[in-house]
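To keep things clear, I will list the structure first and then write my remarks on it.
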Amino acid sequence: MWRCLRVASSSRRSESNGAFITSQLSRFFSAPPSAGDKSSYTIVDHTYDAVVVGAGGAGLRAAIGLSEHGFNTACITKLFPTRSHTVAAQGGINAALGNMSVDDWRWHMYDTVKGSDWLGDQDAIQYMCREAPKAVIELENYGLPFSRTEDGKIYQRAFGGQSLEFGIGGQAYRCACAADRTGHALLHTLYGQAMKHNTQFFVEYFALDLIMNSDGTCQGVIALNMEDGTLHRFHAGSTILATGGYGRAYFSATSAHTCTGDGNAMVARAGLPLQDLEFVQFHPTGIYGAGCLITEGARGEGGILRNSEGEKFMDRYAPTARDLASRDVVSRSMTMEIRQGRGAGPMKDYLYLYLNHLPPEVLKERLPGISETAAIFAGVDVTREPIPVLPTVHYNMGGIPTNYHGEVITLRGDDPDAVVPGLMAAGEAACASVHGANRLGANSLLDIVVFGRACANRVAEIQKPGEKLKPLEKDAGEKSIEWLDRIRNSNGSLPTSKIRLNMQRVMQNNAAVFRTQETLEEGCDLIDKTWDSFGDVKVTDRSMIWNSDLIETMELENLLVNACITMHSAEARKESRGAHAREDFTKRDDANWMKHTLGYWEEGNVKLEYRPVHMKTLDDEVDTFPPKPRVY
């Protein structure tokens, strides 16, 4: 069927031998495989206790935890770990440390439930917020260089949607940070720890698909080594997906170009659902024309949004929280200002973020990164003039449905929480759901470390290091190779870039900050046609080695899967909740729509099911927060 090299992994030495064998293969198989000839692809087999896909914050934290528990762990990543998108996170990580004032994780939980517009699962939110202080102290012990107060404590800044005493005690200072480069500091710290614990990295390996057996158990993944064109089957007792979001489905996004929803699409192709994809966060302050992120921490340090008339307009929309209202509230308010003619610039299509009233030492010490970013991408000296900003796609609240252990779940019969054996997910790829319909700023870095760690702990509960694995089925990975071969030999008339641009325009125009039945129905029709056009894609490079044309085309298919499910899920949800704002259904409808959307991918068609929100907490340490009007 195909040439196969088996690489045992009972020792570190055998894996390095396998890497040597793999590095030599291109000498003997330099000609690319013929179209349709699966036997000409060379497969290298690996066996591990656990495999992590993705080396951002969630993937690295999972890998560290697995290694700490003694598991032989592989981490597959399509780019070098410290180039993962976690590096772009700026503002910080939330935890009720109480360094700036009295704080309580229950207050943090309340803010997160409220921020989620009551679509978040309260058991998972309780777990995350309760674990937050421990997670941050652990990062400090790992060596993360947090900013400090004068007395040496971790400095914490104000962030949107954060309060004291369940919303009645004023603004909370809960966001621990390393200036405005917290993600950079976090990622490098975790990578150092992963190296210390001897995690085996497979860098520049593009994960193609999950390896699922006939009883629905995940047994690993199959991946393409971009360096030499070989295919690799990673057989593992546990597979953890930490592949990030799919922001690049939109035309303007703060996401890196590598954020293509690969793990989501792998899950969808395996016949499993994706949850709540209609909830896409628009960050209020992307630089106009560039989309680069200006952290919410800029407003946390005292930055002010103004319209073309110089008015602090957020005072009208959120009289209490003002510029630090929840992100969906601020983004909608900004969009309304522009619609009503109070935008700035020749086209009146952006607003201003003022920082020039802040002391220069604050900008230098607390916001050095965005000061530099504004100078490069907007030509602005933040000490003298405002930054032109516009809401920009930033985060996907939806993703692969999981419980608070990180185990992937699906709808099976009458069980809405059926666990998929052997498969876990963490980070932006996952939907635990701790963010619900809207994520609070600085809860994302918390999410990745808490649930990356949770995945590792759960593996340790259900699996033993060195445990014998059930053999792979004979055809394991065959469909993935057929998929790869089909795309590599695509000979249509449309370049990948044109189809991608069409998709991005449809998503930007039809699934934006405000939505209507008309725009969403049109969006469903257009995105379906865009998917159909993918059948006419042309891949000009047939090689297997460093073939960026091939990789981008596979990433495009992954994006299209996410985009189609997003659009159809949004069209179906007849209410406004969090980031899903309908102009024709302006109210939240708890009676009919307090439920999670499950989108299934069926050969180009989207099928929707639903599962209930978890309203019960884990224990009696905190009571359930019942739904109420969401006001800031």
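Counting starts with 1 at the first residue shown.
For all residues, glycine too, the Cβ spot is worked out from N, Cα and C.
These numbers come from a predicted model, not from an experiment.
Reduced to three states, the DSSP call for ARG327 (active site, proton acceptor) is helix. Sequence-distant contacts (6 or more apart, same chain, Cβ under 8 Å) of ARG327 (active site, proton acceptor) comprise GLY160, GLY161, GLN281, PHE282, HIS283, PRO284, GLU296, HIS394, ASN438, ARG439, LEU440, GLY441, ALA579. Swiss-Prot lists ARG327 with the feature active site, proton acceptor, giving similarity to another entry as the kind of evidence.
Annotation comment: Swiss-Prot describes 54-59, 77-92, ASP262, GLU428, 444-445 as FAD binding site. For the recorded site, GLY54 (FAD binding site), the DSSP three-state label reads coil. Of all the Cβ atoms in the protein chains shown, 33 others lie within 10 Å of the Cβ of GLY54 (FAD binding site).
Counted within 10 Å of its Cβ, the other Cβ atoms near HIS394 (substrate binding site) come to 27, all protein chains included. Under the heading substrate binding site, Swiss-Prot lists HIS283, THR295, HIS394, ARG439.
Summarising the annotation, Swiss-Prot assigns transit peptide to 1-29.
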Starting from the Cβ of LEU79 (FAD binding site), draw a 10 Å sphere and report how many other Cβ atoms land inside it.
18
For the recorded substrate site formed by HIS283, THR295, HIS394, ARG439, which further same-chain residues have Cβ atoms within 8 Å of the site's Cβ center?
GLY91, THR254, GLN281, PRO284, LEU293, GLU296, ARG327, TYR395, GLY441, SER444
If you count Cβ atoms within 10 Å of the Cβ of ARG439 (substrate binding site), leaving out that atom itself, what do you get?
28
Integer Å value for the Cα distance linking ALA58 (FAD binding site) with THR295 (substrate binding site) is 21
Can you check which residues sit near SER444 (FAD binding site), meaning Cβ under 8 Å from its Cβ, same chain, 6 or more apart in sequence, and list them in order?
ALA89, TYR395, GLU428
At a 10 A cut-off on CB-CB distances, which of the binding-site residues ARG83, HIS283 has the highest count?
HIS283
